[in-house]
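So the structure is just underneath, and the comments pick up after that.
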Amino acid sequence: MSFPLLKQTFKSNFAVWGLVTLVMNIILAQLIMMKQTRTMMAPMYYGMLVSTMVALFVVICGNKLLAGQVDQGSMAYILTAPIRRTTVAFTQMIYMVLSLVGTYGLMAIVSVSANNIADAGFKAQTLVNLNIGAFMVAFAFAGIMFAASGIFNLSKYSLGTGGLLIILFILLAIVGSFATYGVDALKDVQHLTIVSLFDYQNILIEGSKWISKLAVLGGIGVVTFGIGTTVFAKKDLPL
Amino acid sequence: MNQMVNTVHLTKDYKKNRGIFDMNLQIKQGEVVGIVGKNGAGKTTTMRTLMGFIHPTDGYSEIRGLNSWSQASKTKRMIGYVPGEIAFPDTKSGETFLNNQLKLLRASKDTYVNDLIQRFKIDLTADIKRMSKGMKQKTALVCAFMTKAPLLLLDEPTTGLDPVMRDAFIDLVLKVKANGTTVFLSSHMFNELERTCDRILFLKDGKVIDVVDQNKFETIHSFQKVKIQTSTSEGFQKILTSFSETSHVNSENHEITVLISNTKVATLLVLLQDIEIDDISFDTQTLDNYFEKELQVK
């Protein structure tokens, strides 16, 4: 890993990361603190909002980490330094994962604190588990975007594949979520999206099925991050 | 002598006759070598391959004996690079960019860097996004030279530079050359290469079709390009029959351009005594003329 590069990446993505993280935390705290929204907090926030909002950061930043800089040409300056391409990809990946850990770690702290302050009645462990689950969705998204970013030399292709796939998963998840409200025919839609692998309902009833589902999300993330790094290290770069 | 760059049957085939083909190139330490050619001749592809950004379809290239693809992270320690297309990362000013770059290189800002900045008269406080083309080019040059690398790969380093800065660049190349730095640069401005290069490779359709070295420079300069416009067609015909090597003939205007060696100038002047002339000009042959001629032949 290259620390100077990590620092540069952190700086150039700080605004988007900060904004998305701030908004996500404010909404979460509000949903827990307000009495009327409290019961709907999990389906609203962890069912839809959380993955939609984090997708913004993942898609914008994921594209910029590799494909965007190759497309722009500024990757030439990073690669003029004696750094291996694998190291560059690995550093960018570390940034992506660490910033997501930051976002969801903060959300875990904020949700537990809001729960205590407002006496909302959630178990702290449940809130932590919900955030772990939501993190795994973001991790898989990040991997998908990273793979697209590593494969393509043009932003439009990286956004058009990785970005589009992520949006598609979110839309299917939203459509599928209506199955919970009695539209049984939509139940199958849930099998078409990886977002449903985050089984927040099972976490709420303190079941155990959710853990193995999250492992699948983790697997998707690991494989796709691997693909992005490998392809980026071996392809021709127009720099 | 120390071999700095070595390419063996280096080929990058982009199909449709694009790319570079079977390039065998040796550059010794301390040499300054230029590469010229039209757009799409393969100059940038050559540079990118030497940088290890492109995997050759056949053959290989080495920097001081290290393979430029498989050992790219090691070879880059020895290279300062100016890309053909300048695009900087999203940073505030030129200063932040240079500082970031120095950190990546694990170097610090010393007097040499300051000297370079002075030399190119760069305003480092300027917003990097609003920099003019020339300003960006100068910043990129500082970036390459500040590495103090033993090998500089410069892809069209003078695009966008004004004549004064172009001279500053040439001076700098000559200065680092005196320190033993090897420079490999591409350009389509022949005359700036003439002042710096020990050798110039002429690239066409991905192949080196001609090499001009010091001896050939002298031969080229020993020719005069004479442009004559005669008043009558008799005089025009007379010149045409006496001088076989013409590069440009226009019988309507009675205009003729002949290429003669310096030793034969007297003969021409004698012949011109009896011919009525509207206009005449003498020019020492330059690389421009030479390659123009070569292009027509090959």
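Quick reminder: no glycine exception, Cβ is built from N, Cα and C everywhere.
Note that TrEMBL annotation is computational and uncurated.
Since this is a predicted model, take the numbers as computed values, not measurements.
What TrEMBL records for A:12-33 (among others) is transmembrane segment. Sequence-distant contacts of the transmembrane segment (A:12-33) (same chain, at least 6 residues past either end, Cβ-Cβ under 8 Å): 40-41, 44-45, 49-50, 53-54, 56-57, 60-61, 64, 95, 99, 102-103, 106-107, 110-111, 114-115, 117-118, 120, 122.
The transmembrane segment annotation in TrEMBL covers A:45-67 (among others).
Annotation source TrEMBL lists transmembrane segment at A:88-112 (among others).
For the transmembrane segment (A:132-152), same-chain residues at least 6 beyond its ends with a Cβ under 8 Å from one of its own Cβ atoms are 46, 50-51, 54-55, 58-59, 62-63, 65-68, 89, 92-93, 96-97, 100-101, 103-104, 107-108, 158-159, 161-163, 165-166, 169, 194-195, 197-200, 203, 210, 214, 217-218, 220-225, 227-232, 235. The transmembrane segment annotation in TrEMBL covers A:132-152 (among others).
The annotation transmembrane segment is assigned in TrEMBL to A:164-183 (among others).
Within the same chain, residues 66, 84-86, 88-90, 93, 129, 132-133, 136-137, 139-140, 142-144, 146-151, 194, 197-200, 202-203 sit at least 6 positions outside the transmembrane segment (A:210-233) and bring their C-beta atoms closer than 8 Å to a C-beta of that stretch. Taken from TrEMBL, the feature transmembrane segment applies to A:210-233 (among others).
Residues 9, 12-13, 16-17, 20-21, 23-24, 27-28, 31, 75, 89, 92-93, 95-96, 99-100, 103, 130, 133-134, 137-138, 141-142, 145-146, 148-150, 152-155, 157-159, 162-163, 166-167, 170, 173-174, 177, 180, 195, 198, 200, 228, 232 of the same chain lie 6+ residues outside the transmembrane segment (A:45-67) yet bring a C-beta within less than 8 angstroms of a C-beta in it. Within the chain, the transmembrane segment (A:164-183) has long-range Cβ neighbours (under 8 A, six or more residues past its boundaries) at 43, 47-48, 51-52, 55, 58-59, 141, 144-145, 148, 189-190, 192-196, 201.
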